[in-house]
Amino acid sequence: MEFKVDTHTHTYASGHAYSTLIENAKSAKENGLTMFCSTDHAESMPGAPHYWFFSNQKILPRFLEGVAIVRGVESNILNIEGEIDIPPSVDRNLDWVIASFHEPVFPPANKEAHTEALINVIKSGRVDALGHLGNPNFDFDFEQVLKCAKEHNVAIEINNTTLKGNSRVGSVDRCHEIAQIGKALDVYFTTGSDAHFCHDVGNLELVSELMDNLDIDSNKVITHSAKQFLSFLELRGRLPIAEYDEIRNA
């Protein structure tokens, strides 16, 4: 499957990534993307920036190197109540919010606690996607969470870095199972490189292989085209981004 959007990328602002936004944009262009989301870690993650960094993305151009730039964040799930570490006042300046578990922020607990946290995150209405769910340290009830995501139009991320097998060890088989259940439940999928260096932006080869093997419908993969991605944002209740009208109407 082909993807024109990468919804999970990091710059050096995340504290443990190594490229600038311009470098990421250049790589995105070289790798054939139409659009990518810049999603640095929110402030609870060690080394991550203050929330002002995310609020101030309003000053960013909508295109760099001819590639559309989506203003986003990878927020941290803080607790079983489903709170994330971005103040609600910042929401209006963001186009795309991922919520993820990270061990330094949410110490792994048990399946029930993780399930409750994910469901509450979804029901909060503040997040557009759940990130790298395959991590075995954060086991959860796949079917229960994915049903909730389907009901609330929250996308399920398939993460290329996870599928390499050397990060979040033990995730690969779980990612396949999550994708199979998601297909059966007709959820929306998104695809993220989780690039922490510019050369990885748009590297979604393993995600493509997984989706082809499972025969996932490209109409349910919001990153298959930039137009599909923008339609999903509107489905989520976000206002159309005027600068992307040409993409939307293509």
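If you go along the chain as it appears here, the first residue is 1 and each next one adds 1.
Backbone N, Cα and C define each Cβ position, glycine as well.
Features as listed in Swiss-Prot:
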BINDING   H8, H10, E74, D194  Zn(2+) 1 binding site
BINDING   H16, H41, H196  Zn(2+) 2 binding site
BINDING   E74, H102, H132  Zn(2+) 3 binding site
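Feature map: Swiss-Prot annotations on the structure.
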residue : record                : CB count, 10 Å
H8      : Zn(2+) 1 binding site : 30
H10     : Zn(2+) 1 binding site : 26
H16     : Zn(2+) 2 binding site : 12
H41     : Zn(2+) 2 binding site : 25
E74     : Zn(2+) 1 binding site : 31
H102    : Zn(2+) 3 binding site : 21
H132    : Zn(2+) 3 binding site : 25
D194    : Zn(2+) 1 binding site : 27
H196    : Zn(2+) 2 binding site : 18
Other than H8, H10, E74, D194, the chain contributes near Zn(2+) 1 (Cβ within 8 Å of their centroid) the residues T9, S14, T39, D40, H41, I98, G131, G192, S193, A195, H196
Counting only residues outside E74, H102, H132 in the same chain, those with C-beta within 8 angstroms of the Zn(2+) 3 site's C-beta centroid are H41, N76, I98, S100, F101, G131, D194
Here the Cα-Cα span from H132 (Zn(2+) 3 binding site) to D194 (Zn(2+) 1 binding site), rounded to a whole number of angstrom, reaches 9
For H16 (Zn(2+) 2 binding site), the three-state DSSP class is coil
The rounded CA-CA distance in Å from H16 (Zn(2+) 2 binding site) to H10 (Zn(2+) 1 binding site) is 9
Check: min Cα-Cα distance from E74 (Zn(2+) 1 binding site) over binding-site residues H41, H102, H196 goes to H41
Comparing the Cα of H10 (Zn(2+) 1 binding site) with the Cα atoms of the binding-site residues H41, H102, H196, the shortest distance belongs to H196
E74 (Zn(2+) 1 binding site) falls, by DSSP collapsed to helix, strand or coil, into strand
For Zn(2+) 2, residues beyond H16, H41, H196 with C-beta within 8 angstroms of the site's Cβ centre include exactly H10, S14, G15, A17, D40, M45, G47, A48
H8 (Zn(2+) 1 binding site) and H102 (Zn(2+) 3 binding site), compared by Cα position, are separated in whole Å by 15
